[in-house]
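Below is one structure; the comments refer to it alone.
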Amino acid sequence: MAADDIDVYGQQEALRRLYERALTTPLPNYAAPTSFELNSAGIASTETYDVIITGGGPAGLTLAVLLAHQGLRAPGAVLCVERRPHPLLAGQADGLTCRTMEMFKELGLYDEVLKVGHEVAEMVMWAELPGTKGIQRVTHQASNENMTPSRVASLVACSQGQIERILELELASYAPGTLKRGAEIIHVEMDARMDTKYPVVVSIRDESGHVTFARCRFLVGADGAHSVVRKCMGISMVGDLSDRVWGVIDFPAETDFPDIRRSGHVHSALGSVMHFPREQSADGDWLTRFYVDMDEANAGNMDSQSAQVGPLTPQHILDRISRTFHPYHLQIKPGTKVEWFSKYSVRRCIASDYIRHDFQGLPRVLLVGDACHTHSPKIGQGMNVSMADSYNLAWKLAHVLLGISSDPRSILESYASERYPVGRQLVEIDKAWNTLEWNTKITGREENYQDTRKDLLRTISGFVSGYGIQYSSGYLIRTARYLNEECSLQAGSRLQHTVMSRFADGLTVDLHDEIVPNGRWKLLVFATQYLSCQKGPFAQAVRSIFENLIPIFLPGCITPIIILPDLVSNVDNGGTSLTRSVDWAVFPSRIKCMAEMKTYVSQRAYDGYRISCHEGAVVLLRPDGVISIIDDLHATEVTSFLKTVVRTL
């Protein structure tokens, strides 16, 4: 081979590595090669995929992006089919709460969202009180009131179309060709032959009407409230349909109402309106969204069989807004127009099941987002919970497909056992909030209304932040306590953020910066102040984690993170020294060798989580950041638990 050829090859390899360094390091692939050889005429040439996602909205794209981040990037790994030829141009979902913003932070997309979104800092309620004429402000609060402190914006207005655009670009950078627009899945069936590795068969129709067939190992229905996947699998929606009619509209508002740029509710004898400040339009005008109760104006035009409502025009909605906001004036800003409007009735339903098994008992078809839960937009959780479904599911699919999971059936079934209760909680909270805030006139509210409202807002705050969601004990969660009762951490919940200083270079980071969704388990080792006593039991326990725990599992699947208190024991004089003042040599050598850039100092973490600096702890985080188990430094229970979920060597 000529020298020039070597140089060209070397340049190509260097260029490839240059681009790959900008991407998340994929999980290693331990799966046995799969083959698809069936003798049936025509079937052998059918396209096959590891995962097919039907629906390219926020839930479907989030799942595709996470799978790509975690290693499913090769052609034929994932196909996402979306009927629309482009991202949503206007309307539909518009609010992102702090857990979703944290997810974007972990994906490296937070700044992209803020660039096109609008942070909502405050919330208000206006009402027409007894004995008064016209509305007046009755509450005024920060949007993050009652919420667990977060390092990200608590509420951001950002159109669904922008979210889809951002996710689509991210997906293209990892796995180009994954998203197929202008096509839709029209039929799904499970292959009855038990020997096939691709048991799910889908029919895909393109824009011209041509139908092709594809097979996959797993199918995810992210195709919305009218899900074809759900219907083909015979999964029903259970719930109720309200006869209340609502209008929703986006436009640049011109008004003397003082709180138009705050999120709020307005109640008067003439109607009820929820207003939500939006981002700027393409023309630079600040948009506002209004949800308007049209019940009195249009109550007779309801088709109770289909959730479709009778004729409703933008002018009908605008007239109701104008009357409700009296004595303030509100109109479309001159020279602008309505950006989007729609009408809906509230259907609060949840799917009877989130998964369907194949004929060997392995979950093969899974539902996410509106395909498995529907509700009103009043607490702004549709897009947020849908994306959280995908966040829960992605790493589980990746672990099965990449041969990491030791029990594929149990890990996939945990998706339904964990997310079904969340979907039901969403429907129940939405119903309670609507009943309290929208279905009762101001004059008819009970004396304890304010106390009831505060309690419900605390529940909603915990739900939207994610800290109020608690997964029950199960295959992936061990709630038994192996640590003293003072520790505030709970298995099945999220870990609150905290600030740390990296021991190697002094860089200040947030613990959540280490909890990225790369598909790896995070082993947090709170190593005590006695780690510097290398012959002591605590240093021996930490050394054993590196020598006897991590090496028995598939390499590259568990990331150790060492957290030290501000003071460590001084073996020379029996006192203590500032951790930042000592050298690596005082700690077991395995730490610098295996976790040099994952060793941190944070007294705040010990204090905030109520972990003793004298006893330490081991906290195992799942790839989605949820606490699986909390153990003492000997990590006996952690080792036993990991053997049930991750393959050993």
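Using N, Cα and C of the backbone, Cβ positions are placed for all residues, glycine too.
Other Cβ atoms within 10 Å of the Cβ of Asp370 (FAD binding site), summed over all protein chains shown, number 26. Summarising the annotation, Swiss-Prot assigns FAD binding site to Gln92, Ile185, Tyr344, Asp370, Ser386 and lists similarity to another entry as the type of evidence.
Under the three-state DSSP scheme, Ser386 (FAD binding site) falls in the helix class.
Residue annotation for FAD gives Gln92, Ile185, Tyr344, Asp370, Ser386. The furthest Cα pair among them is separated by 25 Å.
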